[in-house]
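A quick write-up on the structure given underneath.
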Amino acid sequence: MAESLQLVIISGMSGAGKTVAVQSFEDLGYFCIDNMPPALLPKFSELVEESGKIKKVALVIDLRSRAFYDEIMDMLANLDNTDFVSTRILFLDASNEELVSRYKETRRSHPLAMEGRVMDGVRKERELLAPLKDRASYVIDTSTLTPRELRESIFDKFETDQDETFHIEMLSFGFKYGLPIDADIVMDVRFLPNPYYIPELKKLTGLDKPVADYVMQQPATEAFYQQFLSMLESIMPGYEAEGKSSLTIAIGCTGGQHRSVALTQRIGEALAKHYKVHISHRDIEKRKETVNRS
């Protein structure tokens, strides 16, 4: 049986980073197409399959109108019934405020802002794209990412992951820097004792053994850890059965330095015994950046 075409559909909010995404996929060896009319994709896929010369395609789809959106959903329905194409959707997102800021910096108009108000266009686009985001294999929140960090995130997900194995993204974060909007599950651990107030631990992080030991040795932490891990292990089969290719679990504390980092590491390592797990710490460098600026 011939190898199926690996198709990645890149979509998401206007201004969320699709240009950087295309460049990243080109570097990964994908044949990239920008804004092909969705109705042409099934025929294009057939031609590619017949030629046998192209194995990986990344297609960028932007929202132009409600009719264009309807074409996208029809296209996805057709691809679901195609056995020679393996389709994954990458949805790029960012907070409304960050998207508005980016548009103001570039002085561009939003494609859906009929009266010139960028925020109105962003809100309308988010509403239209909600069903597509729900279908996405991967959602990346670019609100706090640099272009380099977005590129690294794409490489992490697509450089070697050519199968459909269910995997888990474990993410620590600080509430003071905002919620990660790409998370499926968010857990707040600010109820645990904070190492920040221990002088010898304040400048360390949850990756350092003294901090990890302090956090994990608290009675409240052990009880939470056992119960939360048990819950996660009980619901994972359901997410797999629903066809999700990935699940993002975000654990947050105040600054994303100590408690959330230690617990994200510990829970991620436990889940890695049974699942493919990627662990990242979104805000662990924030304090270093603050110190360098002071």
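Here, residue 1 is simply the first one shown, and the rest follow in order.
Cβ from N, Cα, C; glycine included.
Since we're looking at a predicted model, the values are computed, not measured.
Some features that Swiss-Prot has for this protein:
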- G12, M13, S14, G15, A16, G17, K18, T19: ATP binding site (BINDING)
- D62, L63, R64, S65: GTP binding site (BINDING)
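A map of Swiss-Prot features onto the structure.
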residue : record           : DSSP (3 states)
G12     : ATP binding site : strand
G17     : ATP binding site : coil
D62     : GTP binding site : coil
Using the recorded ATP site (G12, M13, S14, G15, A16, G17, K18, T19) as reference, state which further residues of the same chain have their Cβ within 8 Å of the centre of those residues' Cβ atoms, listed in sequence order.
A21, L92, A94, L99, T142
Comparing the binding-site residues G12, G15, G17, which residue's C-beta has the most other C-beta atoms within 10 angstroms in this structure?
G12
If you count Cβ atoms within 10 Å of the Cβ of D62 (GTP binding site), leaving out that atom itself, what do you get?
16
Rounded Cα-Cα span from D62 (GTP binding site) to K18 (ATP binding site), Å:
9
Just counting, how many other CB atoms are there within 10 A of the CB of M13 (ATP binding site)?
25
Under 8 Å between C-beta atoms and at least six apart in sequence, can you list the same-chain neighbours of A16 (ATP binding site), or say none if there are none?
L92, D93, A94, L99, T142
Cα distance (Å, whole number) from S14 (ATP binding site) to D62 (GTP binding site):
7
